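Visitor: This is the structure I have questions about; it appears just below.
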């Protein structure tokens, strides 16, 4: 992509022996990230998420109706974990190995560099401003560093529909990099979380986090491979059985890893399980005359399942915020930490795409498009707090967990609407329309929601 604006590469699905498509077409037609990495909706869903956050907050803090204070922390934690499993399974199914192999180097730079730099920036800033230990600083860093496909993907698809920036592949670049950015943040979060809550010798503490990650990937790879063959492809209840098996497999690794105090394996286990399983199913295709191309009824099942758990997740997260227990400096310094991290992220993003054949205006747009945060923060914001409670790590660890959750909620409330507005307002001014911009597409409707 950096060297050419047309960038012809082979079609991932190989519809014909010698057919080629450019990068925009490959990601649009073959990458599930065009439906979003986790099949996320547009701005309407963000409004619903914000509404549920606010509703949960009100049910916790307004006198007379604050029945949320009577919720059992154990089952609220379990419900959030089930919602997290659904998110991760959908994300895993949305990663296409063929497409990822074809992406240019600039896409990986855009995915890795801003995420890692923001993580380090947040870790350092939270240590200096909030007094976070280094491990908790990196937990917060990885929670905040993930970009939100809930805002980015539908916005980029709208730009593709309007033919803004398409001649340079800007919407495709941002969509594709978003998937890798989220996987990197989830992976880093799992590793640091495992190290933070590990017990025993220093040596065991150092190796436990990476070991948990390897166990999760191995579990996902093995169980995902089994799901290629079981149930049999000619089974009349194939879709139902595959959906149930994938969900059970995700729940097993999430809750089972916690039971054996190897919790860091849970998230990566779910992600790799869905990735491996969907890779095999994609090769087998769902050639029954109904499902076309990359679509399959398992993904549809999880789309509908997420519609059930989305309001539960955001509502329960809002209910965790207790005004009476908040320190004024947690909000103020938390916003400062978030702002510093975003400022550094924008600068790094601008520099990362400097040699990607983009002009200054386009580089500014990519930096703005890389701001929104929502889904990953909602899913992983309360995880550290849940671990602190479940492992009885003590009031100090719970206090750090509450601060991480509070700052994650602030990130959602501030950056999701701000990022959406920045994309929609800046795109017509910063991006160049491509020829044929009156063409519309029927494929840009977001399916499901996260």
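For all residues, glycine too, the Cβ spot is worked out from N, Cα and C.
Predicted automatically and left uncurated, TrEMBL annotations should be read as such.
Grabbed the feature section from TrEMBL, which reads as follows:
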| type | residues | note |
| --- | --- | --- |
| REGION | 1-22 | region 'Disordered' |
| COMPBIAS | 1-10 | compositional bias 'Polar residues' |
| DOMAIN | 53-417 | domain 'Cation/H+ exchanger transmembrane' |
| TRANSMEM | 134-153 | transmembrane segment |
| TRANSMEM | 173-197 | transmembrane segment |
| TRANSMEM | 209-228 | transmembrane segment |
| TRANSMEM | 240-256 | transmembrane segment |
| TRANSMEM | 262-281 | transmembrane segment |
| TRANSMEM | 301-319 | transmembrane segment |
| TRANSMEM | 331-353 | transmembrane segment |
| TRANSMEM | 405-425 | transmembrane segment |
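Can you tell me where each of these features sits in the structure?
Guide: Nonlocal intrachain contacts for the transmembrane segment (209-228), taken as residues 6+ away from its ends with a CB within less than 8 angstroms of a stretch CB, comprise 92, 187, 190-195, 198, 242, 245-246, 249, 253, 257, 262-277, 279-281, 284.
Within the chain carrying the transmembrane segment (262-281), a Cβ under 8 angstroms from the stretch's Cβ atoms is held by residues 84-85, 88-93, 95-97, 183, 186-187, 189-191, 193-195, 197, 208-209, 212-213, 215-217, 219-221, 223-225, 227-228, 242, 246, 249-250, 253-255, 296, 298-299, 380, 387, all 6 or more beyond its ends.
Here the transmembrane segment (331-353) has long-range neighbours at 106, 109-110, 113-114, 117-118, 121-122, 125-126, 129-130, 140-141, 144-145, 173, 362-364, 366-368, 370-371, 403, 406-407, 410-411, 414-415, meaning same-chain residues at least 6 beyond its ends whose C-beta is under 8 angstroms from one of its own.
Counting only same-chain residues 6+ beyond the ends of the transmembrane segment (405-425), those with a CB under 8 A from a CB of the stretch are 43, 46, 49-50, 53, 140, 143-144, 148, 150-152, 155, 317-318, 320-321, 326, 330-331, 334-335, 337-338, 342, 365, 368-369, 371-374, 377-378, 380-382, 384-385.
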